Each structure stands twice: as C-alpha cells, then as structure tokens.
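Undergrad: Structure below; questions to follow.
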Amino acid sequence: MRFPLRLQDIPPAQARFCLGIERFLRDELKAETDGAAILVAFSGGVDSTVLLATLALLRDRLRCEVLAAHLDHGLRQESSAEARHALALCEAAHIHCETTRIDVAALAATRGIGLEEAARDARYDFLEQTRQRNGASLIALGHNLDDLAEDVLMRLTRGAGWPELGGMRGIDSARHLVRPLLLTTRADIETCARALGLPWVEDASNADTTFTRNRMRHEVLPLLARENPNILRAVAAQWRVASLDRDYWDGEVQRLLECGVPHSGGLLLPREILDDLHQTVRLRLYKATLERLGPGQALADSLHTLDRLFRSGEGGRTVQFPGAKTVTTSAAGLLFRPREC
C-alpha cells in the first residue's frame, strides 16, 4: 500500500492543500504542535485518511509526532476488515496505530441511550484513554466544513444560543481536541485523496436517514444549498465570528467562575455577584457552571427559566438540566449541583 511520505513528492495543488491546513492550525486555531504528539482519530473514511496523510506530510514542519487510533464499533460486518485496513495504511505511513473493538449496541442497551450517543461516547472515551496512554497533547478529528454545516443545523433545531450556534470548536483545549479540516469542504478532501491515490472505506451507515445527522446531510442541507449555493462559505464566515465571540466570553466567564463558593456538594453563585451582572452575562455564567459539573448540554429555554426564577427572588425552586444536574434558588444565590448530590 503506497502512502506519500514527503511534501515535496506530491503534486503542487495537494502541497498547497497541506500548507493551507498548516496555516489554519497555526494562525486561526493557535495549536501548539512543537514537540507534541498528535493522535489522529482514524476511522479509515476519506476525512480521517486525508487528515492522517496531511499531518504525516506536515510532521517535520509542525515538529510533532503523529499517532493514530481506530475504534471498531462492532455494528457492521465489514468493521473488522476496516480495522485491518486502518492498520495497514498506518504501517505504510510509518505511524503507530492502536485499535480496539467495542460492542456499541450492547453499550447503548445497557445505558438506555441511542446508538449515535453510545457510539460517540465510546469513541471519545477510547480516544482520550489512548491519548493519555501515549502521552499525546492533542486528538485530531476529521470534521470538515460540511460536518460543521450539519452541526450548525442540529444546534439550531435544539435551540442553542450564541455563540454556540456557530458550531463546534476548532480547538477545545479542555478536551484536548483539534479539528484541522474544519473549514475544508468534503469535496476538496475527496479531490486531495484521489490525487494522492489514498484508499479509504465508505461507511454505509452514513446514508441511513434514521440518524439525525444523516437527515441534515442528505435532506436539509441540500435544500439550503438550493437557496444559497454558497451556504458552506456562509457557515465558515459565521463560525469565524462565533469563534471570536466565544474566545471573549470564555475569558469573561472564567473570571466570574472564580467567585463561585463550594457549598453542599455543589457550587453556589452568590446573589450579590449575580445581581450586578447583565442578563446575557448571567446566562453564559449559568451555562459555564453547568458544563463544569459534567456532560449534558443546557438549552437556552432552560437557562432563561432559571434566570427568571433568580430575578423573581423566590427561593426553594429547582430546575433540572441534562446530565441529572440541578440548580436551586435561595436567598444566598443559585446552588448548582452535579448528578451525585
């Protein structure tokens, strides 16, 4: 199996593609790669294959080591063959690859959740464990601009607020995640793969519209593209604005979080602090506090309900949030509690 090993050995158009990804990593995402190990989430699909090849070609310029991890979800008959394909491609690229198999269907049944959620949980758990075991600084994911557009639509239907409506983060330092292809279209990725002669596998489940993301991809996004053929360019522009706003608010909210007081197994945000804040700041502070307590995405409507109760001054009212988290009003302020309390 052939694999391009040097940037100077590939066609000029694909070299420019790789250098564009390097600029995005350095200039927009501000990713720290010097002396780092980057773990690629390698499914064997076209996105992760091009991601693996691009980082491998750039590893000298980025001064980093590239590793790979492949998870067999045990959902399709061909998954074992795909794991062997992933290992063979990594061997050709001189990249260490770790693989494992998890029965995602059994995991979903045990936890009482859907296949999509179970697969996502299993994937991120495996990637984080592999990152820690190998001392990697970042986990590189293959999400592209088309995926970003789908994510924006899914957030819109869930009622996400700004700037989360701009879509997934390009880099998430807290979770050690980076998405180098996030502003690159699927079409450009496939063009690069073909030009480099890279083999990839097709996941037939990507066509199954019983899954929400696939409905967005195959049904909703094409409708929007008919209204605006430049919809992906618009999504990229919105993402850049949202990213700047998110960076600003992350800093402001982090400063305010330091005012929280540990109390009764949770975190109390004092009323005297909250009273002096604009409503938009309070809402973001609520969301950040809930995120600190564990997984589960709070909807905008629930945050507004909490703020209305806070402003009413009524004590003893509790609002439930995803992840079995609760917030209770009191004369002292708002008490945020995680699942175990």
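Just so it is clear, glycine is given a Cβ too, placed from its N, Cα and C backbone atoms.
So TrEMBL lists the following for this protein:
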type	residues	note
BINDING	SER43, GLY44, GLY45, VAL46, ASP47, SER48	ATP binding site
DOMAIN	38-219	domain 'tRNA(Ile)-lysidine/2-thiocytidine synthase N-terminal'
Undergrad: Can you list, in sequence order, the residues of the same chain other than SER43, GLY44, GLY45, VAL46, ASP47, SER48 whose CB lies within 8 Å of the CB centroid of the ATP site?
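TA: The surrounding set, listed in chain order, is PHE42, THR49, VAL50, LEU51, GLY142, TRP200, VAL201, ASP203.
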Undergrad: For the binding-site residues listed here (GLY44, GLY45), which one has the lowest count of neighbouring CB atoms within 10 Å of its own CB?
TA: GLY45
Undergrad: What average pLDDT does the predicted model assign to the domain 'tRNA(Ile)-lysidine/2-thiocytidine synthase N-terminal' (38-219)?
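TA: Across the residues of the domain 'tRNA(Ile)-lysidine/2-thiocytidine synthase N-terminal' (38-219) the model's pLDDT averages 92 on the 0 to 100 scale.
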